[in-house]
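A short write-up of the structure that comes next.
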Protein chains: 2
Amino acid sequence: MSHYQAPLTDMYFNLFDLWQTQKYWDQSPALKELLDQETASAILEEAAKVAAELIAPQSKLADQQGVQWHAGEVTTPDHYKTCYQQLCEGGWTGLAGDPEYGGMGMPKTLASMYEEMLCSADIAFSLYSGLTAGACVALNQHADSATKAIYLPKLYSGEWSGTMCLTESHAGSDLGIMRTQATPLDDGRFSISGSKIFITAGEHDLTANIIHLVLAKLPDAPAGSRGISLFLVPKFMVNADGSLGERNKLSCGSVEHKMGIHASASCVMNFDGAVGYLIGEANKGLACMFTMMNYERLAMGSQGLGAAERAYQNALSYAKDRLQGRTTGKDTNKADPILGHADVRRMLLNVKAINEAGRSFSVYVAQQLDQAKYSGDKKAEARANLLTPVTKAFMTDRGLDACITAQQVFGGHGYIQEWGMEQLVRDVRIAQIYEGTNGIQALDFAVRKVAADNGEVLNEMLAEISEKLALRPHSALSNLLDEYKNLVNELLIEGKNESQLLPTVACDLLDLSGYLFYGYMWHQTLAALDPVKHSADFIESKQLTAQFYFERVMPKAQGLIAIIRQPISALVEMRDELF
Amino acid sequence: MSHYQAPLTDMYFNLFDLWQTQKYWDQSPALKELLDQETASAILEEAAKVAAELIAPQSKLADQQGVQWHAGEVTTPDHYKTCYQQLCEGGWTGLAGDPEYGGMGMPKTLASMYEEMLCSADIAFSLYSGLTAGACVALNQHADSATKAIYLPKLYSGEWSGTMCLTESHAGSDLGIMRTQATPLDDGRFSISGSKIFITAGEHDLTANIIHLVLAKLPDAPAGSRGISLFLVPKFMVNADGSLGERNKLSCGSVEHKMGIHASASCVMNFDGAVGYLIGEANKGLACMFTMMNYERLAMGSQGLGAAERAYQNALSYAKDRLQGRTTGKDTNKADPILGHADVRRMLLNVKAINEAGRSFSVYVAQQLDQAKYSGDKKAEARANLLTPVTKAFMTDRGLDACITAQQVFGGHGYIQEWGMEQLVRDVRIAQIYEGTNGIQALDFAVRKVAADNGEVLNEMLAEISEKLALRPHSALSNLLDEYKNLVNELLIEGKNESQLLPTVACDLLDLSGYLFYGYMWHQTLAALDPVKHSADFIESKQLTAQFYFERVMPKAQGLIAIIRQPISALVEMRDELF
């Protein structure tokens with residue numbers, strides 16, 4: 001019963017009116033031949049068809065069928081083959097790929113809108129091509145040209161897929177203690193042995209080959225995370241002409257039974273002397289893999305937004321159809337749509353205000369990535385690095401909130417499987433966990449991104465917000481910005497004396513940053529509204545939603561500030577046995 | 001893999017040291033013969049065995065087997081029969097029942113601790129006896145003695161079970177528009193026809209008979225909610241001697257497939273001219289049913305707390321066992337328990353601070369109910385009515401938060417079914433929805449409980465907190481109390497001119513009230529700590545957890561206050577087509 005239409009109007013608004021990405025495309029030598037506003041719109045319209053008409057209507061079926069493991073083989077839901085084939089034929093699997101190797105070369109701003117749609121349609125399905133795209137980024141940046149020439153074209157075309165094999169059962173977020181071994185062979189290749197868990201798309205029936213990017217340790221590797229190397233380990237060996245050779249010595253031992261994304265194969269992968277190729281420098285594997293991780297972390301944000309967008313659409317349509325209670329008249333036998341109830345409006349406006357700011361933020365961060373990639377803009381790269389953990393954690397935390405809130409609009413019907421709302425909650429929940437838990441994102445943000453450069457890159461971002469506020473004053477946002485600046489300065493000073501301060505406040509600080517940045521998004525949205533371009537309803541809707549955000553969402557920041565300012569002593573002094 | 005131990009030490013602390021319920025029992029003519037501290041402890045110890053050793057270890061199995069519907073019959077998980085039999089044999093099904101009809105006559109304070117344990121063990125299982133207990137409350141209060149003499153003993157003994165049949169597919173929270181008809185028969189009985197949905201335990205294989213309490217309309221009934229009557233409709237007719245007669249004309253059309261509580265039968269119940277008996281006065285059925293609803297709403301709070309307690313225990317034990325990252329030393333190959341990480345401690349302390357306050361609040365509200373029931377204390381009754389929606393909504397909202405937070409401690413392992421954490425999240429989610437959604441609870445609180453008497457009953461509660469603060473000053477709680485008083489006064493005045501104000505702020509106001517009341521719980525906890533009675537570790541743990549609550553949980557109230565103080569115009573002015 002769950003439906004979905006891609007929010008194209010809002011996507012166009014964000015790309016072309018708010019952030020005017022087409023202007024950047026026009027100036028970029030790599031992009032101006034490929035893309036203009038019209039082409040981009042046509043691409044997104046096509047993506048909307050695939051996502052909304054082909055994939056989304058079958059997401060419930062995917063949840064019900066799930067993946068099946070039998071004797072090392074993994075079967076995906078029946079319709080996944082057709083859907084995946086359509087992705088390949090439409091060139092979607094290589095959307096952001098390097099044109100030198102057969103990719104379409106599209107910028108991240110455009111790709112992020114496509115990713116959102118695919119996640120709205122079916123998060124589990126989106127992972128098969130999503131992981132591949134991430135693997136391609138890592139290969140394109142770190143592999144030699146011969147390797148790229150062999151692997152990238154088939155990964156971009158979707159003929160093969162990719163994975164990232166990091167986690168081991170005893171080594172989750174702590175990769176330094178991993179045990180998978182890489183033993184050099186005489187021919188320059190390596191023999192990989194070890195067991196990895198939670199490997200998304202580790203085994204499945206959608207592609208002819210699966211290219212695993214595996215982290216492992218060389219025999220002489222230094223201890224800890226500085227002794228990890230990255231290896232390419234194909235499921236089937238690849239001959240010089242690109243044809244498939246014998247089966248490599250690796251197998252899928254089982255798949256996990258999970259809360260959601262049932263149709264995503266989360267595999268235990270056993271490498272038993274599998275042949276692998278070193279990618280990048282020895283012992284520098286973690287850095288190589290982080291190229292992929294950062295790409296994935298932005299896609300995680302799209303999962304939060306995508307699920308929340310679909311949840312909103314369904315809750316809104318239910319709120320218009322469902323008749324309960326009297327809001328317009330006094331006829332006790334005639335009920336009105338629940339959309340008339342203040343609390344239902346409050347729930348929907350909360351979701352709408354968060355989703356639309358999330359979409360703006362997504363394009364904003366993607367644009368920083370594009371400037372880093374296509375223009376070598378170091379400031380933009382630093383900005384993207386700063387915002388990556390916020391995108392991953394804040395967008396997925398708010399994504400879960402939004403799905404739960406939208407589910408609540410349905411009352412009892414939200415809890416039964418028929419309406420699809422409970423699946424959105426179950427599916428989106430994983431995005432807060434994988435690719436680095438949101439707690440780890442917060443630590444990364446507070447310690448590695450903010451404190452490590454003493455707030456320099458963050459302050460550049462804050463200066464940008466100040467500049468925009470000078471052009472268009474907004475007291476609530478200005479006040480929050482000032483409080484935020486003071487708070488961060490205090491934390492940076494106090495954090496030097498109290499090592500537990502930043503780790504303790506990290507999650508609340510990331511949340512607070514998210515509310516501030518989303519406020520910036522709404523501020524710029526208001527500035528971009530134009531009666532010549534936009535309908536009166538579109539403008540009024542954006543204005544009222546922005547007002548709602550500033551008045552009834554952003555003030556949550558006051559609670560976070562109050563918490564961050566408190567002592568951390570209770571947490572520090574709590575001995576383990578007192579828990 | 002999910003384990004559970006009943007938190008008996010904390011339960012005893014809350015009952016006997018914090019609220020000293022045994023003193024009330026000693027003074028109550030109805031209770032002093034039945035119960036003292038020693039007996040109560042023995043009862044809870046026995047309950048702990050049933051919950052922790054018998055039911056809890058099989059909750060995953062219950063989730064996997066679920067209920068099966070076939071041709072109108074509903075099969076519960078295999079082990080439910082044994083577990084239910086144990087409940088009956090132990091007298092647990094009649095724990096709070098009227099001794100005149102074979103109940104054990106235990107007070108709600110004790111019963112609420114039992115309910116928490118049962119919910120920790122398996123929420124789905126707890127519903128079969130939980131609904132029965134609610135039905136008994138309604139029958140005991142509104143049925144005539146002949147009816148009570150026939151039905152109550154077999155309901156208390158667990159031989160039969162009960163239901164509440166309110167919801168229809170087009171009439172969820174809006175009972176006034178229900179269509180189920182009750183036609184008078186010549187013999188004073190009624191013929192009931194109509195279809196009800198979401199009927200918990202509507203059909204199952206645990207008891208010999210099922211006694212449905214059904215809301216329906218008499219032919220001449222006034223329109224809306226004032227035209228609803230309550231009927232007792234047995235699955236099997238009951239002969240004068242209490243033996244079972246022929247099958248009544250009602251059947252279970254199907255069961256719902258839900259997000260969680262898979263082993264609870266949520267039934268479509270079809271009444272096709274079933275014979276029913278009027279309970280209470282004609283057209284006063286809603287009031288009769290609300291007796292039951294209020295009882296159930298308190299039990300809902302226990303569901304939130306019960307799931308969260310089990311989630312905490314499992315997350316804590318995982319945090320002690322799981323080795324990731326270095327917190328104590330510099331050996332890069334040796335990881336420490338994740339309990340050492342500030343963010344893990346933050347998550348666990350959040351859950352602990354909420355759970356323990358929730359347990360105190362549960363006993364506090366139960367004590368008000370006991371005073372109302374056993375002493376006819378009208379002030380206590382009013383207090384219980386005021387706090388009922390807070391108990392239901394705040395305890396279940398925080399229950400979901402707590403389960404999600406505890407799940408997050410597990411990282412990827414929290415998302416897979418093996419560890420049981422995802423089941424707790426799925427199971428507890430329903431408690432925010434059924435028995436009146438939390439949005440409806442908030443409306444009830446703000447409009448019917450606070451505004452309707454111009455804050456009188458609320459102010460009595462606030463005066464009590466002030467008195468306790470006078471005895472033992474606490475600046476953070478005092479400040480919040482003052483802010484809260486001012487805010488409520490403003491809302492009561494402004495609410496008279498703006499009808500949408502209270503409905504719009506209701507949820508945030510309920511949340512704010514919850515954080516204030518939980519602050520009161522922690523304040524009184526501190527006052528109740530006694531080095532003579534309690535171990536040094538117990539005292540230190542409570543003190544640090546209280547400190548954490550006041551410093552790092554309660555300040556969320558600042559965000560809520562900031563939001564409540566903002567205009568509501570955006571929400572009011574948002575036309576339906578702008579969503």
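Heads up, residue numbers simply count up from 1 along the chain you see.
Note that Cβ sites are derived from N, Cα and C of the backbone, with glycine treated the same way.
Curation does not apply to TrEMBL; its annotations are automatic.
Feature list (source: TrEMBL):
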type: DOMAIN; residues: B:38-159; note: domain 'Acyl-CoA dehydrogenase/oxidase N-terminal'
type: DOMAIN; residues: B:164-272; note: domain 'Acyl-CoA oxidase/dehydrogenase middle'
type: DOMAIN; residues: B:283-445; note: domain 'Acyl-CoA dehydrogenase/oxidase C-terminal'
type: DOMAIN; residues: B:475-574; note: domain 'Acetyl-CoA dehydrogenase-like C-terminal'
Worksheet item: Do you know the DSSP helix, strand and coil residue counts for the domain 'Acetyl-CoA dehydrogenase-like C-terminal' (B:475-574)?
Response: 83 helix, 0 strand, 17 coil
Worksheet item: In the domain 'Acyl-CoA oxidase/dehydrogenase middle' (B:164-272), how many residues does DSSP call helix, how many strand, and how many coil?
Response: 7 helix, 56 strand, 46 coil
Discussion item. Just to confirm my parser: what is the rounded mean pLDDT across the domain 'Acyl-CoA oxidase/dehydrogenase middle' (B:164-272)?
Written reply: 95
Fill in: Within the domain 'Acyl-CoA dehydrogenase/oxidase N-terminal' (B:38-159), residues counted as helix, strand or coil by DSSP
92 helix, 6 strand, 24 coil
